Amino acid sequence: MENETGSELNQTQLQPRAVVALEYQVVTILLVLIICGLGIVGNIMVVLVVMRTKHMRTPTNCYLVSLAVADLMVLVAAGLPNITDSIYGSWVYGYVGCLCITYLQYLGINASSCSITAFTIERYIAICHPIKAQFLCTFSRAKKIIIFVWAFTSIYCMLWFFLLDLNISTYKDAIVVSCGYKISRNYYSPIYLMDFGVFYVVPMILATVLYGFIARILFLSPIPSDPKENSNTWKNDSTHQNKNLNSKTSNRYFNSTVSSRKQVTKMLAVVVILFALLWMPYRTLVVVNSFLSSPFQENWFLLFCRICIYLNSAINPVIYNLMSQKFRAAFRKLCNCKQKPVEKPANYSVALNYSVIKESDHFSTELDDITVTDTYLSATKVSFDDTCLASEVTFSQS
């Protein structure tokens, strides 16, 4: 990604090498180290909590794992080489490194865009077509879609292997090696425009339309009431009182489920909005430079574009922690599990509500949890221990 705005063909004129300001180098190294370091740790934690926590293995979280892996690839392949470039002022990874690192950069970028598109479509089906979701929004299908996404982007990004080469610029005081193009801008500019349309414009238009439909269902449509709730005439009969209690419990559970889905949708919508905003400077620069005879390459603005990209790849775990109680609890458990002292397990009794699905592999699109309160205690209960085990069942709101 360091060659987006491009090194041109090899230069042979002996001119003094442009000196990069020291403050620019210091700011670049510090920002990239902090953002990429935190982002790498955060995305690794996302992958670990979903893989190690059974109740977190949902179709939506499966797509978030794919997004986390793609973001990791961007942070490592695009962010860290930026540090060496700032220190040495030259490409130090050789020809093979030029091909492989650039390939991984665009693979991560495009896979993250496709992962966002995938979970947007999954959310739309789950909320707007709940009957179809039982068969379409499953964990096994999500894994197949993710495999297809990575296979498609892996093949698509192979074109960079045929476009790149090492460019050597000779100056009076130094020889600078850069990872650039073996073709002129007239040939690679259409590739950038196609990339811009396929992996930015189309996903953002699709996300805008689908989240509009989702918002209409979740936030604008009236929530249907439970007809069983109107049972005041049964108060004097003990059997009818139990039915009334179960009716209220069911209605509260329904409201909790709707609230949970709203919270999940808000979180994913924030991810999409930040993706659109933080990628806009770089994508705009690419489009503008495609039509300029001399590309705009001001150092500080290029740094701003890169920092926005790194922020986009690093900020998602923070969003999950702030907006999802499940992820917050899972992150806390991952950090504290090994340090937690041995204590007597606390016993809880809660009533469980399940949706019946035909196959055990067909999970609901999110775990519809309930808050543990006295309201949900009933005659049929399940006891479990609050221990630091991977198989622990956690009840919280998304």
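Every residue, even glycine, has its Cβ placed from backbone N, Cα and C.
Look at Swiss-Prot and you will find 1-28 (among others) tagged as topological domain 'Extracellular', backed by sequence analysis. Model confidence over the topological domain 'Extracellular' (1-28) stands at 65, taken as the mean pLDDT rounded to a whole number.
Among the features that Swiss-Prot reports, N-linked glycosylation site is placed at N3 (among others).
If you look up Swiss-Prot, you'll see N10 (among others) marked as N-linked glycosylation site.
The annotation transmembrane segment is assigned in Swiss-Prot to 29-51 (among others) on the grounds of sequence analysis.
For 52-61 (among others), the entry in Swiss-Prot reads topological domain 'Cytoplasmic'.
As annotated by Swiss-Prot, transmembrane segment applies to 62-83 (among others), with the evidence given as sequence analysis. Below 8 angstroms of C-beta separation, residues 1-2, 28-29, 32-33, 35-36, 39-40, 43-44, 46-47, 50-51, 93, 101, 104-105, 107-109, 111-112, 115-116, 118-119, 122, 139, 142-143, 146, 149-150, 271, 306, 309-310, 312-314, 316-317, 320 of the same chain, each at least six residues beyond the ends of the transmembrane segment (62-83), sit close to that stretch.
Annotated topological domain 'Extracellular' per Swiss-Prot: 84-99 (among others), in sequence order, evidence recorded as sequence analysis.
If you look up Swiss-Prot, you'll see C98-C179 marked as disulfide bond. Shown in sequence order, W91, L164, D165, L166, C179 are the residues of the chain, 6+ apart in sequence, with a C-beta less than 8 angstroms from the C-beta of C98 (disulfide bond).
What Swiss-Prot lists as transmembrane segment is 100-121 (among others), and the listing cites sequence analysis.
Marked as topological domain 'Cytoplasmic' by Swiss-Prot: 122-144 (among others).
Positions annotated as transmembrane segment by Swiss-Prot: 145-168 (among others).
The topological domain 'Extracellular' annotation in Swiss-Prot covers 169-193 (among others) and is backed by sequence analysis.
Swiss-Prot lists 194-215 (among others) with the feature transmembrane segment.
Marked as topological domain 'Cytoplasmic' by Swiss-Prot on the basis of sequence analysis: 216-266 (among others).
What Swiss-Prot lists as transmembrane segment is 267-288 (among others), and the listing cites sequence analysis. For the transmembrane segment (267-288), the list of distant contacts is 4-5, 60, 67, 112-113, 116, 119-120, 123, 192-193, 196, 200, 204, 207, 211, 296, 301-302, 304-306, 308-309, 311-312, 315-316, 319-320, 323-324, 398: same-chain residues at least six beyond its ends, Cβ to Cβ under 8 Å.
Residues or ranges marked as topological domain 'Extracellular' in Swiss-Prot: 289-296 (among others).
Every protein chain considered, the tally of other Cβ atoms within 10 Å of the Cβ of C179 (disulfide bond) stands at 22.
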